[in-house]
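Colleague: First the structure, which I've put down as structure tokens, then a few questions once you've had a look.
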Amino acid sequence: MEAAKKQSVTNQLLAVKSASGKTFSQLAAETGLTNVYVAQLLRRQAQLKPDTVPKLKEALPALTDELIGDMMSPPWRSYDPNLIQEPTIYRLNEAVMHFGESIKEIINEDFGDGIMSAIDFYCSVDKIKGVDGNNRVVVTLDGKYLSHSEQRTENMVSRLNLKGGTSE
């Protein structure tokens, strides 16, 4: 989806949400999705799956079949590079940069040499009260652990296929 069409569809989707008067968290509760995933769907950063269509249409009855069709196509998962200048996004990036090395070391200690997937991944934003009574933001990043593999030629399927003459 080209950038202009993506922006047009996104604007229409966000207008439907705005007209509904519902928050991302309310829509999440109605659809069984996380609030961040609902926001990603409406911003065309995630693909709407067929099983979710009825729940989303029930939560947002003003969604047209054309918009649903757009949401079901694979999204162009890009972002505006100027987005980093938005204060909330800047602070999230700053937090990851500040705590990143420590988080990585703890992942390595607890799991081994690997990474947290951003594909098999869940994210949510929650509001809680701190011990001081002030509102606190909880951002949960829940990703599958993926270990780095030792690159042994005996396990390299493309090499095995080349040697064996098969191309399946």
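Using the three backbone atoms N, Cα and C, a Cβ is placed for every residue, glycine included.
Sharing the feature lines straight out of Swiss-Prot:
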ACT_SITE  Arg91  active site
ACT_SITE  Glu94  active site
ACT_SITE  Ser117  active site
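Explain the structural surroundings of these features, please.
Modeller: DSSP assigns Arg91 (active site) to a helix. Within the same chain, no residue at least six positions away from Arg91 (active site) has a Cβ under 8 Å of its Cβ.
Close to Ser117 (active site) in the fold, though at least 6 residues off in sequence, lie Gly143, Lys144, Tyr145, Leu146, each with a CB less than 8 Å from its CB.
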